Amino acid sequence: MQLKTPSLLVIVELRVVFLKIGEIDTLKEQYSADTFIQSKWREPLLDNRTNNVLSETKEATWLTATINNKGEAFVMERRRVRGVFMENLELNDFPLDVQDLTVTITTERPDSEIDIIPDENEMSGINVQTFVDQQEWRLHQHIEVSKRVMTQEYSSSARCHPALSVTCRAARRPGYFYWNVFLVMFFISALSFATFAVSPELPQNRLQLSFTLLLTSVTFKFVINQSLPKISYLTYMDKYVLLSLVMLCVVCVWHAVVTVFCRYGSTFLQKLERDVFIAFVMIYIICHIVFIFWLYFDACKRRRVMKHKDREYMEFLARKKEWLEKTKELNPSSRRQSTLLLHSVHAL
């Protein structure tokens with residue numbers, strides 16, 4: 001077993017900036033983005049030399065060397081990457097979902113040679129103003145960075161490779177689905193109570209109207225499913241549509257069963273119809289109240305967490321800016337001291 005040598009371990013500081021987020025395609029589970037990636041590491045062979053550009057390419061990639069006030073050289077690679085990124089969308093809370101948009105940077109070298117960490121001085125970020133799909137989504141302002149370890153499936157060796165994932169988040173604007181799905185299904189299911197206006201002695205007419213509403217709801221469900229990928233679990237929109245279908249089915253069943261009570265006389269039948277109608281309306285209203293509270297306390301929970309993280313992130317940036325203004329004339333004695341100062345600011 002080969003032991004890691006700490007002196008040979010290269011520390012690479014990574015920074016990712018989302019310059020522009022394009023369209024987020026829910027059906028294909030992908031999004032387009034324009035990202036800026038900056039990596040920095042120590043290069044002792046260039047110590048005490050002047051700053052210079054080491055190389056440039058036509059693919060928006062350039063390599064430079066910088067010298068700090070101690071004469072220590074750092075190689076900095078910057079590149080701009082535009083493309084379409086795949087993302088496994090979590091649609092349980094649809095259309096109130098919040099999606100993670102992640103860019104993961106890794107290396108072909110094993111973790112025994114390289115360790116990737118977030119940049120201590122320049123933080124990853126996102127440009128919210130250039131977001132293209134603002135009509136359907138709202139970008140959150142905070143960025144989360146997490147370290148990962150990846151393995152190459154095509155490699156015969158069991159070596160692990162360090163990776164860094166930078167995540168921004170987008171919250172879907174649910175207004176379109178409120179007016180075009182939930183409200184339409186509410187009208188269709190609510191019209192089932194109008195079938196009680198038909199005499200119970202004409203069950204064929206009642207069933208004809210109820211089946212028409214039921215088939216309309218089923219057709220409408222197939223139409224709205226075209227905007228979602230084929231997933232094996234139910235979204236909140238699916239649950240509401242199924243709830244409406246269940247209500248229509250219950251009304252259809254009642255119109256078929258009411259013929260059994262016709263032999264008890266019209267007076268008894270009218271009283272029974274009135275009681276059943278009132279019971280159905282009360283159940284319908286209670287189900288909607290419970291569903292609304294369910295949406296607020298469960299589906300919207302993650303949205304409230306993301307807004308809280310936005311506030312914490314902006315407060316942290318304000319504290320960091322204030323700290324940098326106070327200490328811009330001071331030179332920390334070491335990089336370790338700078339790291340400790342940043343952590344102390346974050347802990348305030």
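Cβ atoms here come from the backbone N, Cα and C positions, even for glycine.
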Of 9-28, 209-228, which span is tagged transmembrane segment by TrEMBL? 209-228
Under an 8 Å Cβ to Cβ limit, what residues of the same chain, 6 or more beyond the ends of the transmembrane segment (177-197), are close to it? 95, 206, 209-210, 213, 216-217, 220, 224, 237, 240-241, 244, 247-248, 251, 255, 273, 277, 280-281, 284, 288
How about long-range neighbours of the transmembrane segment (209-228): same chain, 6 or more residues beyond its ends, C-beta under 8 Å? 26-27, 91, 94, 181, 184-185, 188-189, 191-192, 194-195, 198, 235, 237, 241, 244-245, 248-249, 251-252, 255
